[in-house]
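Below: one structure, written as structure tokens.
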Ligand code: HEM
């Protein structure tokens, strides 16, 4: 081969090599050599923090969801507002509602001291979500890793792309398909509401004057309605909390779906899955009678959600402080 031929071949090789690296998919074991203890560090911090606060696993799973639905899974949700930067924390669905930021800080600090500048905040969110499922009794899965962190956030995206609890089934499906997820992913991931809490303001519209009808939502079972009305009276504390799963609030199981069949869903967006005739209701029935089917589908749908538009090399950065875009 001539020298010119060799140089040309090398260019072609490196062009395709970098193209393929740039497009590279997330992978399990991504930190196996660069930070072998990464996953065990996250797990032990999630476990320590859960001993202090039993709600924390729910809050961490939700953080990953709100991260992935806005600009992809890039840790944009963790960025703090400053005088020159607007993050997502003040968006309607996030403000005074998202929790767990301090635990992410603790995990990041621990990772930085073991392997400086290696593990992204976006990957921490994905690993912590898996560990949160496991610690509450839910399924485990191998987390695909290699996400990098954004230097930007989108307040308008957080306001418009995270589904509302007032949505109908069709609106919920559209919000998920807009992110490349399926209707089935939506039915399945809604099952994360088997743990965690919601403020009265997230569902009080259903209790007294549903959609301006002057009546409560008729799909709420009478005894459950009474207890919600007394927990969240009109003019009462809108920040008071109720469990999303009235039966087993801190255990990750399939009880959420059984609740729906009994008219005991807390949010409108939960209850409509069983009251709207169609595929959603079929899934609710199937999951309520088959926990292992719910668990294996949940693991698959969490992987799908974690794959939404990740930043991979050469894009994005590894933040040293998850709150700061540098
Ligand atoms: C299908 C559309 C969804 C809607 C409309 C929705 C809406 C909500 C709302 C309104 C709350 C209560 C917030 C508050 O009152 O402060 C909540 C809590 C929660 N959501 Fe969702 N959500 C949806 C899907 C998801 C998904 C896909 C996940 C995760 C995979 C998830 C995980 C959670 C968890 C675990 C909590 C409890 C958080 C805590 O206790 O800190 N949600 N959700």
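Each residue, glycine too, has its Cβ placed from N, Cα and C.
TrEMBL does not curate its annotations; it predicts them automatically.
According to TrEMBL, the signal peptide annotation covers 1-24.
The domain 'Plant heme peroxidase family profile' annotation in TrEMBL covers 25-326. Looking just at the domain 'Plant heme peroxidase family profile' (25-326), the mean pLDDT is 98.
DSSP classifies residue 115 (disulfide bond) as coil under the three-state reduction. Note on residue 115 (disulfide bond): other Cβ atoms within 10 Å of its Cβ, all shown chains, come to 16. Annotation comment: TrEMBL describes 35-115 (among others) as disulfide bond.
According to DSSP, residue 62 (site 'Transition state stabilizer') sits within a helical segment. The site 'Transition state stabilizer' annotation in TrEMBL covers 62.
In sequence order, 77, 88, 93, 94, 98, 158, 162 are the residues of the chain that are 6 or more apart from residue 66 (active site, proton acceptor) and have a CB within less than 8 Å of its CB. Residues or ranges marked as active site, proton acceptor in TrEMBL: 66.
Within the same chain, residues at least 6 positions away in sequence whose Cβ sits under 8 Å from that of residue 70 (Ca(2+) 1 binding site) are 76, 77, 88, 153, 154, 157, 158, 161, 162. Here TrEMBL flags 67, 70, 72, 74, 76, 88 as Ca(2+) 1 binding site.
What TrEMBL records for 68-73 (among others) is disulfide bond. The secondary structure of residue 73 (disulfide bond), as reduced to three states from DSSP, is coil rather than helix or strand. In sequence order, 64, 67, 122, 125, 126, 147, 305, 306, 307, 308, 309, 310 make up the list of same-chain residues 6 or more apart from residue 73 (disulfide bond) whose Cβ falls under 8 Å from its Cβ.
Taken from TrEMBL, the feature disulfide bond covers 121-322 (among others). In sequence order, 75, 78, 104, 108, 149, 319, 322 make up the list of same-chain residues 6 or more apart from residue 121 (disulfide bond) whose Cβ falls under 8 Å from its Cβ.
For residue 163 (substrate binding site), the count of additional Cβ atoms within 10 Å of its Cβ stands at 20 [all protein chains shown]. DSSP assigns residue 163 (substrate binding site) to coil, not to a helix or a strand. For 163, the entry in TrEMBL reads substrate binding site.
What TrEMBL lists as heme b binding site is 193. Taking all protein chains in view, 23 other C-beta atoms sit within 10 angstroms of the C-beta of residue 193 (heme b binding site).
Shown in sequence order, 137, 138, 194, 291 are the residues of the chain, 6+ apart in sequence, with a C-beta less than 8 angstroms from the C-beta of residue 253 (Ca(2+) 2 binding site). Positions annotated as Ca(2+) 2 binding site by TrEMBL: 194, 245, 248, 253.
Feature annotation from TrEMBL assigns disulfide bond to 200-232 (among others). When secondary structure is read from DSSP and collapsed to three states, residue 200 (disulfide bond) falls in the helix class.
Closeness to ligand 1 is met by none of the recorded positions 66, 70, 88, 115, 232, 322, no Cβ falling under 6 Å from the molecule. The Ca(2+) 2 site, placed at the center of the C-beta atoms of 194, 245, 248, 253, has further neighbours from the same chain whose C-beta lies within 8 angstroms: 195, 247, 249, 251, 252, 254, 255, 256.
Comparing the Cα of residue 245 (Ca(2+) 2 binding site) with the Cα of every entry in 62, 163, 193, 232, these being the recorded positions, the smallest distance points to 193. Counted within 10 Å of its Cβ, the other Cβ atoms near residue 74 (Ca(2+) 1 binding site) come to 29, all protein chains included. Among the recorded positions listed (68, 74, 193), 193 has its Cα nearest to the Cα of residue 248 (Ca(2+) 2 binding site).
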